[in-house]
Every structure is written in C-alpha cells, then in structure tokens.
C-alpha cells in the first residue's frame, strides 16, 4: 500500500515547485533556445573578415611587386650603381621599425610610407645583375609563387606549427652563408656559390608556405586581420629573397 507522500505531485505543481525555480540548468517555461542562424552568421562574418584581409594583403603585395619589377625594368639597362652600404643600413632600420613597432605598422599613412621606402630600397638590390638573368629569375619566381599559393589553398598539412624548424633552418642558412662568404673571399668557387643560393631559395620557399598559411587562416596559427601590413611585408620579403637567390643561381653579378 502506497502512502500519499509517495505519490508524485501533479505536473503544474512540479513545474512551479520552489526547488527548481532557481536551478541554473533548469530552463524556465517559455524560454526560447538560441537559433543556429546566430552561429552561422557569426561564422560567416569571421570568414568575410578573413577574405577581406586576404584581398587587402594581396593588393598591397601586388603593388609592392609592381614597384620592384618596374624599378628592375627601368634600371636594368642603366649602368648606374648606387651606394649599396647606405641602402643596406636604411633597409635594416625600416625593416626593424615595421617588424618590431606595432604603432607605425598599424597607423595610416605611416605604415604605407614605411612600406614604400622599404620596397624602394630593396628594389635597388636587383640592379646588380644582368638582364637575361633577371628575366629568367622573374619567370622562375613567378612559377614558384603560383605553385606555393595553390599548394597552400589545397593542402591539409599545417605548416604553421613548424615555426621552430624554420628558425633552425634560417640559422643554418646564416651559418652556411658566413662560411661561404669567407671561402669565396679567398677563392671564388662557382658551384659553392650556386649551392648556397639554391639552399637559400629552398629555405625562403618554405617560409613563403608558412607565411601564406598564416595569412589564409583555419590553421593552428593565423595573422590578425589588423596586421595586413605585416602580412604583405612577410610575403614580399619571402618572394624577393627567393628572387635574389634564384638570381645568384641563374646569373652572375655585373661588374
């Protein structure tokens, strides 16, 4: 025989029972659940921001490369060498400002002014090579960049987690460069120079893959949409160094 206290309470009484009124995980009657459209719209806004960021970076990169190769096209046929040491100092100072200082890099129009100075200075470095070698290096660099871009958009391999390996590779490249410079200062060995240049081109191609995936997003690491100047700068430096290393393979420096 069951007592009255053992019988379950009616539904209405149980629904408004004081025991459950303030229970944090108990939904109140008539409570509306969030619509999935809210999550989809948030994801779409994030995707649209990333796409706008990518477009902005590639537009700036296109302008940088257009200036660089315009300088090459104009001055390749002019035998007018500038003071390379002065340009190297300016290049290093502007590069440090763009990489290490957040405010100038994000503040318009100083970010574009510094970027323009950087591009102009770096463009001078390609004026010391023969016309045929420059044109050949341009073509090879363009093919490398197209192949890397297609690969980064298609592959599922995440290269953004390989930053440590790329740092080691850059240190190894620096050591090889120092040793090569010391050896070549005593006796020029063409195959050693070409070997160093080939290794440098490979290392900077890997950096181009890494920075392109940082730009695209959807990986372990990604560049903030506010850092469009840094994104364009990193890709530009990778491409120009690939171009310069290929130049060392494809031709000799002019006298």
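Yeah, the Cβs are placed from backbone N, Cα and C, and that goes for glycine too.
As annotated in TrEMBL, transmembrane segment covers the listed stretch 108-128 rather than the other ranges in 24-44, 108-128. Tertiary proximity for the transmembrane segment (195-216) is limited to same-chain residues at least six positions away from its ends with a CB under 8 Å from its CB atoms, namely 50, 53-54, 57, 144-145, 148-149, 151-153, 158-160, 162-163, 166, 169-170, 173, 176-177, 180, 222-223, 231, 234-235, 238-239, 241-242, 245-249.
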